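The following features are taken from TrEMBL:
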- B:67-115: domain 'NADH-Ubiquinone oxidoreductase (complex I) chain 5 N-terminal' (DOMAIN)
- B:131-408: domain 'NADH:quinone oxidoreductase/Mrp antiporter transmembrane' (DOMAIN)
- B:617-681: domain 'MrpA C-terminal/MbhD' (DOMAIN)
- B:794-917: domain 'Na+/H+ antiporter MnhB subunit-related protein' (DOMAIN)
- B:6-26: transmembrane segment (TRANSMEM)
- B:33-62: transmembrane segment (TRANSMEM)
- B:114-131: transmembrane segment (TRANSMEM)
- B:167-190: transmembrane segment (TRANSMEM)
- B:275-296: transmembrane segment (TRANSMEM)
- B:303-321: transmembrane segment (TRANSMEM)
- B:372-391: transmembrane segment (TRANSMEM)
- B:464-490: transmembrane segment (TRANSMEM)
- B:510-528: transmembrane segment (TRANSMEM)
- B:574-598: transmembrane segment (TRANSMEM)
- B:858-881: transmembrane segment (TRANSMEM)
- B:901-921: transmembrane segment (TRANSMEM)
Amino acid sequence: MMHLPILPILLPLLAGILLLLLRPLGLQVQRMVGFVAAFALLMLAVWLFDASLAGQRQVYALGNWPAPFGITLVFDQLAALMLLVTAILAVGALWYAIVTEIDAQGSHFHVLFQMQLFGLNGAFLTGDAFNLFVFFEVLLLASYSLLLHGGGKQRTVAGLHYVVVNLVGSTVFLFALGALYGALGTLNIADMAAKVAALPAEREGLVMAAGLLLLLVFGLKAAMFPLYLWLPAAYARTSAPVAALFAIMTKVGVYAIIRVHGTVFGVDAGNLAYFYAPWLLGLGLITLVLAALGVLAAFRLRFQVAYLVLASVAMLLIAVGLHSEAGLAAALYYLVHSTLLAGGLFLLADVIVRGRGTYADRFDPGMRLPHHALLGGLFMLAAVAALGLPPLSGFFGKLWILQAALEHPWRWAVLATVLISSALLLIALARSGSVLFYKVKDRPDAADPVLPTQIPAFGLSLTAVLWLLAAVPLLVVLAHPVAEIMQQVAAQTLDVVGYRAAVFDPAVGGK
Amino acid sequence: MDVSTINLPLAVLLPFVGAAVVAWAAHFHRVAAAWLAGITTLLALGVLYPALIAVFAGETLIQSWVWMPAIGLDFAFRLDGLGALFALMILVIGLLVILYARYYLSAKDSMGRFFAYMLTFMGSMLGVVLSENLLQLMVFWELTSLSSFMLISYWQHREDARQGARMALAITGGGGLALLAGILLLGQMVGSYNLSDVLLAGEQIRAHALYLPTLVLIAIGVFTKSAQFPFHFWLPNAMSAPTPVSAYLHSATMVKAGIFLLARFFPVLAGTPEWSWLIGTVGMITLLVGAFVALFQHDLKGLLAYSTISHLGLITLLFGLGTELAAVAALFHIINHATFKASLFMVAGIIDHETGTRDMRRINGLLKYMPHTAVLAMIAAAAMAGVPLLNGFLSKEMFFDQAVVASGESLWGQAIPVMATLAGVFSVAYSLRFIHDVFFNGEPVNLPKMPHEPPPFMRIPVDVLVVLCIAVGMLPMFTVAPLLAVAVQGTLQGVPPEYSLAIWHGFNEPLLMSFIALVGGIAVYAVRKPLFAWYESRVRGQQLRHLYDWKIDKLLQVARGVTRGFDRGSLQDMLFWVLGFTLLMGTAGFLSSAAPLLGERVLLPLDAVSLAVGATLILASLLSVVLHRERLIALVVLGAVGLVVSLAFVKFSAPDLALTQLSVEIVTIVLLMLALYFLPQYTPRTSAVWRKWRDGILAGLLGLGAAVLALAVMTRETATLADYFVTQSVPGGGGANVVNVILVDFRGFDTMGEIAVLALAGLGIFALLQQIKLYAPAEDSSGRAWALEANPFILQTFSRVLFPLMLMVAVFVFLRGHNLPGGGFIAGLIAALAIVLQNLANGIGWTAQRIRSDMHSWLAAGLLVAAGTGMVAMALGYPFLTSAHTHVHWPVVGDFELASAMFFDMGVFLVVVGATVMILVELGKLNRLDAPTPVLQGEV
């Protein structure tokens, strides 16, 4: 099937258009169409992922223009993996939004949701740096509105910050692309790699400057120190399903670094090979420390979860910064784990917040929650996974990253930072779990209004939480096949020569 | 399947399954939980039985499956003598504790939860001692920390339980992280995480450069878990757990996990001076500190906790001595300590249960109230003190013997037996206190309950353990010898040394030391009153626990300080960091290469017009900054900047860009003006002076940086894709306007994304304005009411006449687009401008009323047309967005180039109009909230 790579882009786009057209038919129809589309996307992603395991890259020349002149889509295992994770996350987040009726709190939720997926999938599939910029814009525009969905003052403030910071990011993106185009004469990623491999020495400075600017842009999306300041408030203030979906947004930044920098400044880039990696590793380490302190400092559950997301991104940056095949494979394993876990955590936090009434997500002792034991158990499970304790996937991901780090000259720094920050997370999460679930009041204060005795749509919301958290034990039980797949994906991703060959001679396609 | 090939994992996993079953069963019947827990434990013992037989016959069993080869993790289990010893202790004492807990827990305690946690912990412990793979051992190791957290915090409503649990988790879990690092290094050295390989690689490891860090890291793991100084303080704080938990975790299992690891790694890591110094010293300090502090505890369990610390120190010290015989003594003491300490904890629990307090200042003279229990307690305490004919005596003799052997020549060496004896003195003293204070010493003081004997089944576990103490103490060769022998073999992984378990070794130094300890202990106890007073006044406040609390507080303060300091939630801060880092990274990029900044290409000569235009641009930009407080004026100046940019496009022969820029500029400024209506007219001055300077300098540097980057590009000649586009535009794209062909054909996919962006902007603003309540001010900042006069009549008239004309222009620009400057984007903007003009001339309300069609449909239609054009190509078997074009001859109109890309362009047109008008209309609606629609002249 030659059209394979375009399908995950077209499906959400068409669904978005359809939803726009069906707008007069009301919310129920929107929900049905939106969810069916998301589910269809999941099925498609599963099918594509399975297809990708054969090892063939599929290159799609849009408009039938050959690379590097037209825009090419490159469908490989890395793209397939990202598509799959996104689709799993999207189904959970959307389901939660529907059952809790959060989607009804503003206009166009379903359209925006599909367009968000359109932007994400496009970013994962494109083989063209400028087209990547375009899809970044699509996913950002959709995210601006999704972030503000539901309104409220604090959310709007956080949203404004997010928008302005990302506008600056987009501007720098254009500067970087302009400089790269000026220096290399092309924007096709494979072609850029070829040009960098044969780069005249007198252009190295210019290309490195542009490459680092591009790293800054992707780092801004990924929430790398010192560019992450938009993240905590934005994630903590937005509605739960949006925050859950946004778990993939930071990973887009990491993905872009792996894809663009890993390909353009890959093994055969001469003096420029992996020149960006120390930046990534160093900044990742700083991010991790600050994220751990942030988790410890949080007064509210949702801020704590937001900082946990930051910590997981930091782990990814470190793992990618190791620029080894093992590091990348570990990063991908950790990426799947942390994305789905973060999504599940945001949803779980929302269920807890809805059960705590006026105590909301503040770390103050409240009343005993409805479904206290179940929610407490799930929180513990998620916390254990997030701070990387056994027997859940966080531990195995961390272990893998640390093993990869042992081969790196900075191993002591990585080892110490990762383990110390894990200890900080342990202290922080034990405290918050203890306050939320153990330290309950016997009777409400006089000032408390009537507190919830029920969480609305509890069972249905919980299905969404479980859908996402299921990944955490599954990644452990299926560690063998999953790890092998990650190794395969990492190997294919680092095979820059094969990537170039596939783009320029689609008949080759293979490894 | 043959069970004997999977019995090790089965035994480990059984308790986990049992935990789930127990939690479920407790919903139906309280006591069923206890029964099921007991049955699970028996089942695990049964499953393990054949394997134990094999181990006693000298075998080492390994059962292994692949788990995650990428990190060297196997699902692998191992049973040798050491594992067998620990597995037996875990299961047998576990069984006794389960029986005990069944009677200990009160009616309001949840049995299901207790036994579920208990079994989880049991499974984790079994996992630790039966793991062949070290990474898997880590998994179970941290699981013991987690499940002990649940057990210690079992009484969740109690503050001390929560704090004690958190402290235990932080220390043991944190130590686990150090252990993890140590094990990673071990794996790095050996190339395998399987014990079978690691145990064989002892020499290689000890000679390796990474030996010392590995040793230190593993030692931290051991010390935290086994409550060694200076990490010991979590153990007394964990005494807020129910007593069965203490009896299990803090005598026989959890704290012994660290000791287990010392034994496990003994053949690999021991035998170096580093090992002896580190392990031996810490063990010695712990031994002394624990024994000393134990004496001063008034809480029964507190005394036992410090005594446990002391005994763990003793075992650690023995391993630290590094000789094989010392290891034998250590293993022997592990067994003995487990039996007498578990029974003592159970006695403490019985006393607590029956009297309602654990304060030894109140519990006195219990002998006559519970004589049976008293006898048991006295025997067990005597074993703890090392009284002859009890098991504690035997291992303590061995310890004293080893202390003497180790003394050697040096001063430090000489000190070992002295300190060992001193610890013995305190050990006797606190054991004596336990016996005398509780069972004699007058009458009870103000007890909450009238004490009496416990239910018989609650006492049976104590009976069993005390009988074991006596049996081992009197007949070691017929009781403990085989178990010890097999454990020694498993630990040393080689031929065990000669040792004797006889009770009587003749008159020698160890016997003398025992004697001194006994007499000294009695003497110390005799002068306890002044000692207590001294301790209360001088020492009590100095506990490490306070240091820990203080450190945690400090940590929280630092965390909050750093986080609030960096993440202030200020947009200015965020932008400062982003922009500052942009400058830094750009500069760093240039500096990391020796390549010249600029290229060789000669710049074009500067003409006066360009200079003037450039100067205007700079001036206007500066002006917009200077005037930014006057928002309206700043906006007008910003418009000027845009106009100059479009002039620059004209100068560089880019008419399409100039047209686009021009129309975008106008639309944007008008929309911004609509928005300004809701904002204050002036920006208040809020920034400090230093901040302005900082931001000004940063902005200047960034501008400079952007200029350098642009120059660096422009001074270099690069072959780009442009040539291909120019040559292919007509033959491949069917259009002479390369820019348009790029937009709708070569890179039509980009354009499709961009119109999606535009549509999203429209939808986003729609959604935002739906949920926002804006109150337009009724007057301006000087207090003047808005003028409500009608718009100028001439403008109204002309604009309405112009409207169709402008639309015609839009159609014209659209149609010529493929070959001449124009196209869907510009045409859309012109059409939008036509409506903007109506807005300006006739008022927003008037215009909005007349826009009847829903712009959502325009957006949908536009996107659909664009995507549909692409999909037609797919239906015909070409990639998405492949265009076709043909040359047609229309009568009257003449020759006409017809390209499928025009349909695509139509989509672009629709979206541009739809998005722009949608924003206009929505902002217009808001405006009408406040101001009434002006009555227009000439309106009927």
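The count begins at 1 with the first shown residue.
Cβ coordinates are placed from backbone N, Cα and C, and glycine is handled just like the others.
Note that the structure is a prediction, hence the values are computed from the model and not measured.
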Same-chain residues near the transmembrane segment (B:33-62), Cβ under 8 Å, at least 6 residues beyond its ends:
3-4, 7-8, 10-11, 14-15, 17-18, 21-23, 25-26, 76-81, 83-84, 87-88, 91-92, 94-95, 98-99, 101-102, 111-112, 114-116, 118-119, 122, 126, 132, 196, 482, 486, 489-490
Cβ contacts under 8 Å made by the transmembrane segment (B:303-321) with residues that lie 6+ beyond its boundaries:
222-223, 226-229, 232, 235-236, 238-239, 246, 250-251, 255-256, 258-259, 262-263, 266, 270, 275-276, 278-291, 293-295, 297, 327, 329-330, 333-334, 337, 341, 344-345, 348, 360, 384, 399, 402-403, 405-406, 423, 426-427, 430-431, 433-434
Mind checking which residues reach the transmembrane segment (B:275-296)? Cβ under 8 Å, same chain, six or more beyond either end.
215-216, 219, 223, 227-229, 232, 262, 269, 303-322, 416, 419-420, 422-423, 426-427, 429-430, 433, 524, 528, 531-532, 535-536, 539-540
Hey, which of B:372-391, B:464-490, B:574-598 has the most Cβ-Cβ pairs under 8 Å against the transmembrane segment (B:510-528)?
B:372-391
Report, as numbers and ranges, every residue of the chain located at least six residues beyond the transmembrane segment (B:464-490) whose Cβ falls under 8 Å of a Cβ in that stretch; write 'none' if there are none.
55-56, 58, 60, 80-85, 88, 93, 96, 327-328, 331-332, 335-336, 339-340, 342-343, 346, 376, 379-380, 383, 388-394, 496, 499, 501-503
I need to check the long-range neighbours of the transmembrane segment (B:574-598): which residues 6 or more away from its ends have a CB within less than 8 Å of a CB in the stretch?
694-695, 698-699, 701-702, 705, 708-709, 711-712, 715
Secondary structure content, the domain 'MrpA C-terminal/MbhD' (B:617-681) (per DSSP, counts of residues):
53 helix, 1 strand, 11 coil
